[in-house]
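What Swiss-Prot records for this protein:
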type	residues	note
TOPO_DOM	1-27	topological domain 'Extracellular'
CARBOHYD	N7	N-linked glycosylation site
TRANSMEM	28-48	transmembrane segment
TOPO_DOM	49-56	topological domain 'Cytoplasmic'
TRANSMEM	57-77	transmembrane segment
TOPO_DOM	78-101	topological domain 'Extracellular'
DISULFID	C99-C191	disulfide bond
TRANSMEM	102-122	transmembrane segment
TOPO_DOM	123-141	topological domain 'Cytoplasmic'
TRANSMEM	142-162	transmembrane segment
TOPO_DOM	163-198	topological domain 'Extracellular'
TRANSMEM	199-219	transmembrane segment
TOPO_DOM	220-239	topological domain 'Cytoplasmic'
TRANSMEM	240-260	transmembrane segment
TOPO_DOM	261-273	topological domain 'Extracellular'
TRANSMEM	274-294	transmembrane segment
TOPO_DOM	295-314	topological domain 'Cytoplasmic'
Amino acid sequence: MEFTDRNYTLVTEFILLGFPTRPELQIVLFLMFLTLYAIILIGNIGLMLLIRIDPHLQTPMYFFLSNLSFVDLCYFSDIVPKMLVNFLSENKSISYYGCALQFYFFCTFADTESFILAAMAYDRYVAICNPLLYTVVMSRGICMRLIVLSYLGGNMSSLVHTSFAFILKYCDKNVINHFFCDLPPLLKLSCTDTTINEWLLSTYGSSVEIICFIIIIISYFFILLSVLKIRSFSGRKKTFSTCASHLTSVTIYQGTLLFIYSRPSYLYSPNTDKIISVFYTIFIPVLNPLIYSLRNKDVKDAAEKVLRSKVDSS
């Protein structure tokens, strides 16, 4: 703690409460999340390498998917390693600046993922509804601009929230009832007025998710109309199945983010938030490679080709 000339001390570190359970359950949670971390590392790195080396996957859809895998990897790695350490350690502290950095990167990658998901939905809309214009509308230059704007948008949003959150004073209370440095539980510890922060969170923060979600819903609405016009039942079923799985993943991700960050502060419930946060910080990065790649014939064919070449060379 850092002492001031008033009757309080400023916080120099925070304690991440995490999931308070018996020690034997902490070991079980450690092993479970370690397994999920390994799955995400293998799945996302493998997918990025596959897209990189296979010439048949050099298309806008897989370009966006590669960036989504990268963001998922960074997003997950910002939170889970510290959480794994805390499962095995009695010291669950994180420095003031460490907390600021963790929240900054979390917010950056969370919003960047929302922008990329919106870009992917638009890409699918153009591919299915305007296939003759696809190569023109989704040229390499436009795809690069969309990705750069996604990262810039995520970074700008994160800078706003992080700056306003860490100019606040945190006095005496330093236990964050969460498994990472998230904004709602952090604001509860501040000894200064958080009205502006809560307004930013419920308006500016949620508007990013709402705008991206609207783009996704509109894109898939027009995709659905096009799918219904397909005469072949098998073709209609295949396209609808792929779109439905994508939309399910997006709805879970965007829905949980909107629930956490757009509701009034008086509805805040730390234990509920922790459970919901597990979905968008951990399970969605695990599910994305399964939803976007393992059900995709091109990716499976590319993976089989790489495996066959490895077997033949050995």
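Using the three backbone atoms N, Cα and C, a Cβ is placed for every residue, glycine included.
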Out of the disulfide-bonded residues C99, C191, the residue with the smallest number of other Cβ atoms within 10 Å is C191
Would you mind listing the long-range same-chain contacts of the topological domain 'Extracellular' (78-101), meaning Cβ under 8 Å and 6+ residues beyond its ends? 11-18, 26-27, 29-30, 33-34, 36-37, 109, 162, 165-166, 170, 176, 179-181, 186, 281-282
Contact between the transmembrane segment (28-48) and the transmembrane segment (102-122) is defined here as three or more C-beta pairs under 8 Å separated by at least 6 residues; is that satisfied? no
Per-state residue totals over the topological domain 'Extracellular' (78-101) - DSSP helix, strand, coil: 17 helix, 3 strand, 4 coil
Quick one: do the transmembrane segment (199-219) and the transmembrane segment (142-162) reach 3+ CB pairs under 8 Å, ignoring pairs fewer than 6 apart in sequence? yes
Per the Cβ filter (under 8 Å) with a sequence gap of at least 6 from its ends, the topological domain 'Cytoplasmic' (220-239) is approached by 121, 124-125, 128-129, 246-247
List, by number or range, the same-chain residues at least 6 past the topological domain 'Extracellular' (261-273) whose CB is under 8 A from its CB atoms? 177-178, 182-185, 187-188, 198, 201-202, 205-206, 209-210
I'd like to know the mean pLDDT over the topological domain 'Cytoplasmic' (49-56). 85
Non-local residues, at least 6 beyond the ends, that sit with Cβ under 8 Å of the topological domain 'Extracellular' (163-198): 1, 8-11, 13-19, 78-79, 82-83, 86, 94, 96, 99-100, 102-103, 106-107, 260-261, 265, 268, 270-271, 273-274, 277, 281
